[in-house]
Each structure stands twice: as C-alpha cells, then as structure tokens.
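Enquirer: I grabbed these lines from TrEMBL:
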DOMAIN    32-316  domain 'Gcp-like'
BINDING   H119, H123, D310  Fe cation binding site
BINDING   L142, V143, S144, G145, G146, D175, G188, N282  substrate binding site
Amino acid sequence: MMESQKSNVVILGIETSCDETSAAVLLNGRDLRSHVISSQITTHQKYGGVVPEIASREHSLHFQPVVQQALNEAKLTFRDLSAIAVTYGPGLVGSLLVGVSGAKAMAYAAGVPLIGINHLEAHIYANFLEHQDLKFPLLALLVSGGHTHLILFEAHGQYTVLGHTRDDAAGEALDKVARTLGLGYPGGPQIQRIAQEGDAQAFNFPRAMLEPGSLDFSFSGMKSAVLNTLNSARMRGETLSVPDIAASFQQAVVDVLVRKALLAIKETRVKTLLLAGGVAANRLLRETLDHKLAEKGVCLVYPSPIFCTDNGAMIATAGYYHYLKGDFAPWTLNAVPGLGLV
Ligand code: KG4
Ligand code: ZN
C-alpha cells in the first residue's frame, strides 16, 4: 500500500456461520473493494435444509479460496489489512469454528488485529454500508432464519432488545411452510416467488399479536394453522392452491411484522427504522413498510438484497466500527453458537 494511504482502514470481513462462505474487503467503512460469496444452497437443497456436518466440511473446502479471491479482487495482500473481522456467533458451531480458527491464524501470521463479530449485529450494520449518514437513535427489525428481534439501537454497540420471537423465527416459519408446500429450500424466496401468482386474501391465517402492547412475536401457531389447513384438505381429498396458501401466509407474516414495527415506532418515537436479515429481502415486507412508514413521516432503510442474506460485507462493515473503537478480540476468541445480541 502507498505511504499516503496508510491512514486508510482496510478490513477483511469473513462469514461462515451457516451455509455461506463469504469474504469481503472494505476500505474506510464505505468502499467495498471485493465481495465473494460461496453459497452451499445447492448442496443442502436435496436434504430440505442445512445439514451442519456438511456445512462445516464445505466451509473448510472453500474458506481459503474465498479469502484469497477477495484479496486478489481487491488487489491487496494480508499485509495491507488493518484488521480481520470474523463472525464468532451465533450460528452452527462447526461452521463458526472454520471461520474463527482460519481468521485467527491469518491475523496472527499477518500481524494484524482480530475482531470478533456478532452475526446479529452485522446484519444490522449491513445498513451502514450503503447509508453512512444514519443518525441515532435507530430502531431495527431483524428478521432472519434464526431470529426475529425489534431492537432499539442508541449508539454504536448499544442495543436494547424490545421484543423477540418466543418460538419460531419469521424466516424459519417461511422455510417450514415452503417445505410442506414442496417449494424447496430456502423457503422465503420461493414463497415470495410463487405468492405472486396467488391471492393473499384466499386464506385468513391467524395473526399472532400476543398480549396488548407486547413487542414479542410468535410464528409457530401461524405456521401450524397452515399445516392444519393443508392436512384437513388432504383428508377431505381436496387440493388447495399452493400460490394462494403461499400468498396468504406471506401476507400474515408481513402483517404481524409491520404491526409490531409500527407499535415499536409509536412507543419509542424513533424516526428511522432499519430492516435487517434475510427476510428483509422480502419485497412485500419492504413495500408495505415503505408505504406505512411514509404516512407517519418515519424513514425506512434497508440493505440491497445481496447484503440482507448472509455475507462477508456486513461483517467487514461491523468490523470497521469496532476497529474505530479499538475493540479487538484476544487470540483465545472462540465460537459461541448461542451468542445473543446483548
Ligand atoms: O439472514 P439469513 O441469510 O440467515 C440467518 O442468519 O438466519 O436469513 C435466511 C432466511 C431464510 O429463512 C430465508 O428463507 C429468508 O431469510 N429469506 C427470505 C427472502 N430471502 C431470504 N424470506 C422472505 N423473502 C425473501 N425474499
Ligand atoms: Zn444471518
């Protein structure tokens, strides 16, 4: 790197918590120099979901080539890096370990600091990659395959969980319904696709709102309602329209997410909502929130779809803000599969 560029912060971000091996090189928190994602979706598809042992093996195979490709595309070497940021939880333990041990070894060998990143925090930080001018306090609706959280985000690294799911995550419910409908894995994008041909009013699935004022979620009963509807029809020898079921269930999930987000906005009076996580890529969710929030003068921010699902760029972005605070991990950093946000 040239002398004049030494004040630049160059972060290599690495993600291996589930079924994507990804690495990205980010300059000064905003300039994405490279972004490589090796997805294992086609490998897991034949099993209808992620098989943890296969995921770890695939990460081991792809880790080094993915990191090398990210550096090559950025035209940098390890020596040019300011730090290496890696997801250490939550996620599948075997998958996390591949990333954590690999990142640790590379950072140690290159003589650069290691930064441990919470995957949930990184999903939220994906918003900072494309919108650097975000002003605190912020509200975040994190909707992924494993989590559904409403979060008050008051300053970098300062979170209060206002509500979370008591059972299934939104993405998990979409995945399970999609599997029952024979739509394959991952279910969310399949539901979105087939719902376009269906009638969202065809079935009135329940919207679980829990106690009045609660910001918690519950998607398990909603999912069971779909499965019961399908089973009853099967017993009567009837065939139901898959697009209608998909559209009606997607609508029910989006309705709950939107109503809870509006309640959190009313309670906190925060003026900006960040969408985050894989389900944040959902078009109906984005459009409905866009519309509802505009009516209330609240700004909606969401990442491009590629930065909603698991990716290395969001790890590098979160890593940049940790780097600015000098928040580095010890060499004893370990994978924490059940890591929470706070
Ligand atoms: O954030 P993510 O990639 O992984 C976790 O950290 O869990 O989220 C994956 C989840 C899956 O449940 C997937 O079905 C869902 O995000 N998803 C979607 C869409 N794209 C991904 N759900 C609804 N609509 C989408 N377009
Ligand atoms: Zn994720």
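Each Cβ is built from the backbone N, Cα and C atoms, and glycine gets one as well.
Whatever TrEMBL says is automated annotation, not expert-curated.
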Enquirer: How far is it from G146 (substrate binding site) to H123 (Fe cation binding site), counting Cα to Cα, in Å?
Expert: 12
Enquirer: Counting every protein chain present, what is the number of Cβ atoms, excluding its own, within 10 Å of the Cβ of G145 (substrate binding site)?
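Expert: Around G145 (substrate binding site), other Cβ atoms within 10 Å: 24.
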Enquirer: Using Cβ-Cβ distances, find the residues under 8 Å from H123 (Fe cation binding site) that belong to the same chain and are at least 6 apart in sequence, listing them in sequence order.
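Expert: Once residues fewer than 6 apart are set aside, H123 (Fe cation binding site) is near L142, S144, A276, G277, A280, C308, M314.
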Enquirer: Calculate the distance in Å between the alpha carbons (Cα) of H119 (Fe cation binding site) and G145 (substrate binding site), and round it to a whole number.
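Expert: Approximately 12 Å lies between the Cα of H119 (Fe cation binding site) and that of G145 (substrate binding site).
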Enquirer: Filtering L142, D175, G188 (binding-site residues) by proximity to ligand 1: which pass a Cβ cutoff of under 6 Å to any of its atoms?
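Expert: Going through L142, D175, G188 in sequence order, those close to ligand 1 turn out to be D175, G188.
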Enquirer: Given the binding-site residues V143, S144, G146, N282, D310, return the subset with CB under 6 A from an atom of ligand 2, ordered by sequence, or none if empty.
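Expert: S144, D310, in sequence order.
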Enquirer: Helix, strand or coil: which one is V143 (substrate binding site) in, per DSSP?
Expert: strand
Enquirer: With every protein chain in view, what's the tally of Cβ atoms within 10 Å of the Cβ of H119 (Fe cation binding site), excluding that atom itself?
Expert: 25
Enquirer: What's the number of neighbouring CB atoms sitting within 10 A of the CB on G146 (substrate binding site)?
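Expert: For G146 (substrate binding site), the 10 Å Cβ neighbour count is 18.
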Enquirer: Looking only at L142, V143, which of these binding-site residues has the biggest number of Cβ atoms within 10 Å around its Cβ?
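Expert: For the binding-site residues L142, V143, the Cβ with the most other Cβ atoms within 10 Å is V143.
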Enquirer: Would you mind checking how many other C-beta atoms are within 10 angstroms of the C-beta on S144 (substrate binding site)?
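Expert: Other Cβ atoms within 10 Å of S144 (substrate binding site): 24.
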Enquirer: In whole Å, how far does the CA atom of V143 (substrate binding site) lie from that of D310 (Fe cation binding site)?
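Expert: That separation, Cα to Cα, works out to 12 Å.
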Enquirer: Under a criterion of Cβ-Cβ distance under 8 Å and sequence separation of at least 6, what residues of the same chain contact D310 (Fe cation binding site)?
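Expert: Same-chain residues close to D310 (Fe cation binding site) (Cβ under 8 Å, separated by 6 or more) are E15, S17, C18, D19, E20, S22, H119, G278.
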